[in-house]
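As recorded in TrEMBL:
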type	residues	note
ACT_SITE	B:E209	active site
ACT_SITE	B:C243	active site
DOMAIN	B:5-425	domain 'Aldehyde dehydrogenase'
Amino acid sequence: MEKQVVDGLREVFQSGRSRPLQYRKQQLGALHRLITEHQEDIEQALKQDLNRNTYNTSLFELISIENDIKLAESEMADWAAPRPVKKNLNSALDNVYIKPEPLGVVLIIGTWNYPWAMILQPLVGAIAAGNAAVLKPSELSEHSARLMKELLPLYLDKEMYQVVTGGVPETQELLRQRFDHIFYTGSSMVGKLVMEAAARHLTPVTLELGGKSPCYVDKNCDIAVACRRITWGKFANCGQTCIAPDYILCEPSIQDRIVEEIQKTLLEFYQTDPKSSPDYCRIINTRHFDRVLALMNECTIALGGESDRSQCYIAPTVLKDVLPHFKIMQEEIFGPLLPIVTVNGLSEAIQFINAREKPLALYVFSSDKTVIKRMLAETSSGGVTVNDVLMHYTVDTLPFGGVGNSGMGRYHGKHTFDQLSHHRACLIKSFAMEGLNDARYPPLTAARLRKAKFFMQHRLCSCSGICVWAVIATLLAIGLKDNVP
Amino acid sequence: MSREQQAVQQARKAFLTGRSKPLDYRIKQLQNLKQFIKEKTTDIANAMRKDLHKTANATQLFEILGLEGEINLAVSKLAEWAAPRPVNKNLLTIADDVYIQPEPLGVVLIIGAWNYPIAVTLQPLVGAIAAGNAAVVKPSEVSSHTAKVLELLPLYLDPEMYQVVTGGVPETQELLRQRFDHIFYTGSSAVGKLVMEAAAHHLTPVTLELGGKSPCYIDKNCDIRIACRRITWGKYMNCGQTCIAPDYILCESSIQDKVINEIQKCIQEFYTNDPKSFADYGRIINQRHFKRIMALTEDSTVAIGGDSDESEFYIAPTVLRDVTPGSKVMQEEIFGPILPIVIVNDLKEAIQFINEREKPLALYVFSSSKKVIKQMISETSSGALVANDCLVHFTISDLPFGGVGNSGTGRYHGKYSFDQLSHLRSCLIKKLNMEGVNQMRYPPHTTEKLRWARVLLLKQVNLARWRQVAQVATLAALTVFVVQVRCSSKWVNVVNKS
C-alpha cells in the first residue's frame, strides 16, 4: 500500500502540476482554510490526546502554522525566484544564478506532542517548494491523526499530498520506499533508524530530535522573573516539548530561592490544584506516564510529586539536589519534572553541559553580559534563548534545528522552503568570446596558464553598495561645487 | 587502539582545547596550507604525472589554482563569514538581539577521491579549517603518489588538529566506525550509501559529492563548431576522469555527423594526431578502470579513436555513434575518454530521456535558443546546469557545488564550504525586564491574552526594508538640500549681477 502511495505521488509530481506558484499558493490557502474552519475539531482532538485547552492549542500550534502559511504565500515569489551570484572576470558576461527547484516526494513523519505543528509546518515548506508529500502523523496522538487523515483530502490536492496513518510497521514500510527528502521529528534513537533507511536511497534527511536542554540560572539575575519564564516553558504541554528546559543548573546558594519562586508561579498559573486547572495538560499515555514517574525514584521532591495514573496526570514537580548519576539525568525527561543540579559556578556548569550530548536548546539566565558571552562561546546547542525559554522557536527568521545528537537540518519560515528545495547552480554562457577560452585548451603552455590564472582569480565586487555611495558623492560634489571659493 | 581511532581521538582532544576557535589561528593554518602547496609544487606535479599523466601546467590550472583561490577567499572573508548574522525580528522580539552564530562542528572526516586528488581532498579542508573544526583527512589510495605527498601536511599544519590517515578500504572502514561531527565524502554513489549508513549510527551529518551520467544536449540551432570545442575540452580533460565531465551527447540525427567531424577537428587541434605521445593527454588511473572502460565500448560503433594500450593505461579520445539506450556504455558513469552519441528526435525526447534516469551532477545544454535553454532548465533537475559550455561552474566560488538525488547531498566551494562545515546556531538574547508583555502567554489563559499573542507573533518587522526606506529617504533629502543650495546660490548670483 505504502509503495503504491509513493509511486502514485511521484507520477503526479512528475506531471509538473506543483511547479506553478499559483498552484502552490492555492494549496497553502486551502491548508489555511482547513485549520481555520476546523479549529474547533482540532482543539477537540488535542483535548482528547493531551488534555490541551483551546488557548494552548492556538498559542503553541495554530499560530505558528498560520504564520508560516502567510509568510510563504506572501514571500513565495521571492523565495522561488532565481538568486543571482557574484561572478569572476571569466563569467562577467554570463548569467549566473542559483535556481531553487522542488526535490520531488517528501516524507514528513510527525510526532505526538504538537501533532499539528510538527507535521503542518514542514508541509507548508514542502508545498511552497513545489514538492509532493506523504504525511505520517504519530499514532500516539491518535485523535489528531484520525482527524488529519479525514480533513486533508477535503482541502488539499489528494493526489499530491497524502496522509498515511498507522504504527511502527506502517512507518517501517514507508521508510523502505524511495523519497527525495525525509523530514523526521522525534527521538534520537529512531532518528538513527530513519537516517539508516534514507542512506539506502541516498535520501537527504532533516532530523528534529531532542536531548536534555540545560537551563543555567546565574546568581546575578532577577530570579523571580527567571523562574516565571522557566515555569511557563517547562510545564506547558505538561513538559512534553522538545525545547522545554529539561533541568536547572545553579549554585547551591540560590536553589531554595528558585524553588520558592517556582512554587509561587505554579500557584499563579495553575492554582492550588493543577489537576483541575483547565490549562494543565496530561501525559500522552500510560507508557510515558510510567516512564516519567520512574525517573523520580531516587530524587528529593521539593514541589509536587503527586500523580494519578487513571488520568495520566503528574503534578508540576521540582526535584532538588539532583546528582548527575541519577536516572533522571540519563535521558530526556519529556514530562513535568524539573530537576535542579547544583554547580559551583559558571565554569562547572559549562563543563557539565559539555560532558553531555549537544542539546536542542540551551538556556541561560543572567544580568551579567560576560556570563552570557562565556556560556555562548564555550558550549554548543541547536539554538539558544537567553533570559527566557522557548522563544527562539517563534522567530521564523531563525533556523530551527539541532546539532549532533539533537539533529541535523533546520526549518521555519524561509528555512523550510530552502531545506526542501534543491538549489541548482546555473551558468548560462553564450557562444561569443571563444577567443578567451583559448587559454584553457591544450597544449597548456606557460603563457596560456598565465592568462587563465588572471581571469579566474578576479572576482567582481557587489555593485549596489558602491552605486549608492557614488550617487551620494556626486550629489555632494554638485552641491558643494559652487560654494567652494 | 587502532591507528584510525588514535587519529580521531587526537583530533578531538586538540579541538576541545579550543585553540581552533580564534580566527587568527584559522587564518594562520590556511596560510600554512598555501605554503605547503607552494613549497611542494614540484612534488605535487611529479606525483600527478605518475598518478594521472598530468602535466605540471594542467596540475596548476585544474587543481592548484582553484585551491589557492579558495584559500585566499577564506582568508579575506573569514571575519565576515564567522561573524554573528542578524535576522529580521517580530514585534515580540523587537528589543532583543536576534542573530545566527556560526560555530565549529568539531571533528570533520574528509574522504578524498583520486581524480583530482589535491583539489577534492584539500578544498573541503579549507572549509573545515575556516569554520574552526579539526579534521581527519583520508586521501584516496588509488592516487598513491599524491597520497604520499599529502602525508607531508602535518609538517605545515597543526599536526594534532589536522590528521592525515592513509590506507585502503580496511582503513576507511575503520575510520567510518569512529564518531565524527561531519563526514565529507567525494566518490561513487555506491560507496556514498555506505558512508551515509555508517554516519547514521552516530547521527553524523554528511556531504556526499557523488557522480552519475552528466548529459550534454546539443540543439541543432547552435554554433556546433564552438559547442564541440568546449565539449571536447570538457570531456577529454584528465582523460575523461572528471565527475562533471559531459558523459554522453544527446542530439538529433541530422547533426550527428557534423558533431563527429567537429570533435575530430578539436581532438586533432588539442591532442595532435597522436594523443598517446602528447604530454597534455592523460592516462586512466589503473588497470581495473582501464578494463572497465574498454568493456563499455564493446557493443557500440566507434566513430573516432577506439585504440588503446593496456601497458600504459592509454585509451584514445573516442567517440561512439548511434549508441542505443540499452548499450553497456549507457548503464554506468563512464569516467573515461569515451563519448557516446545518443540520437533523439527533439528536445522533448531528450528531456524525457534525461528524466528517466538518475538526477546527474551536471547537465549541459548547447543552444542559441533561449527558449530551448529555458525548457531544459525547467523540465529537468541536476546538481548544476551549464548552458553553452562545460565544467566552468566549478570555478565560480559563489555557486554552490553539489549534487541532488543520486549525485549527492550538500554543497561546497567558497562560503558554502564554511557554512556546510559550521553549525549555524540560532541565538535570541532577551532581557529580564518587560515582563508585563509576557502576561499574555501565561496561564490562566483568556481570549484577550490570546488576541495579544496573535498580534505580537504574527507581525514581522522587516529591518532590511526599513533600512532601504531610510536610505532612499536620506538620498531624497540630500537631493532636495543640494537643489535648494544651488537655487539659492544662483539667486544670489542673479541678485549680485543686477
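Cβ coordinates are placed from backbone N, Cα and C, and glycine is handled just like the others.
The structure displayed is predicted, hence computed values, not measured ones.
Just so you know, the Cβ of B:C243 (active site) picks up 28 other Cβ atoms within 10 Å once every protein chain is counted. B:E209 (active site): 26 other CB atoms within 10 A of its CB, across all protein chains. In the three-state DSSP scheme, B:E209 (active site) is classed as strand. Note on the domain 'Aldehyde dehydrogenase' (B:5-425): mean pLDDT across this stretch is 97.
On a Cα basis, B:C243 (active site) lies 9 Å away from B:E209 (active site).
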